[in-house]
Amino acid sequence: NLVQFGFMIECAIRNRRPALDFMNYGCYCGTVGRGTPVDDLDRCCQVHDECYATAEKHGCYPSLTTYQWECRQVGNECNSKTQCEVFVCACDLAAAKCLAQEDYNPAHFNINTGERCK
């Protein structure tokens with residue numbers, strides 16, 4: 001679910017910044033999800049949105065699905081059992097790893113999505 005995803009992000013980025021900093025970033029990190037990603041970090045969120053859309057096509061509810069995972073020194077690990085839990089955890093894990101690898105540009109936080117994300 002989205003709360004677990006937030007914790008997974010913080011684990012992946014080793015708490016360098018709060019997960020909430022990603023909630024209104026660019027065109028895809030948050031609630032908008034349209035237009036052209038503003039950078040590679042935003043592209044991570046676009047891929048995550050697409051992953052969630054695929055999960056929904058398989059009858060899952062990614063924003064609400066809880067799963068088992070661990071924050072480890074070498075990275076996050078999914079330990080879920082059901083198909084939806086495994087799928088959603090994999091979406092979140094891939095996105096958290098992607099976000100951890102990309103640079104965060106404060107200029108892309110809380111942008112005017114009506115103008116920039118068409």
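Each Cβ is built from the backbone N, Cα and C atoms, and glycine gets one as well.
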Among C44, C45, C51, C60, cysteine joined to C91 by disulfide in Swiss-Prot: C51
Recorded disulfide counterpart of C27 (Swiss-Prot; options C98, C117): C117
Whichever of C29, C44, C45 is disulfide-bonded to C98 when Swiss-Prot is consulted: C44
C45 - recorded disulfide partner, Swiss-Prot, among C29, C71: C29
Candidate cysteine (C71, C78) that Swiss-Prot pairs with C11 in a disulfide: C71
C89: disulphide-bonded cysteine as recorded in Swiss-Prot, out of C60, C78: C78
Neighbour tally for C11 (disulfide bond), based on other Cβ positions within 10 Å of its Cβ: 18
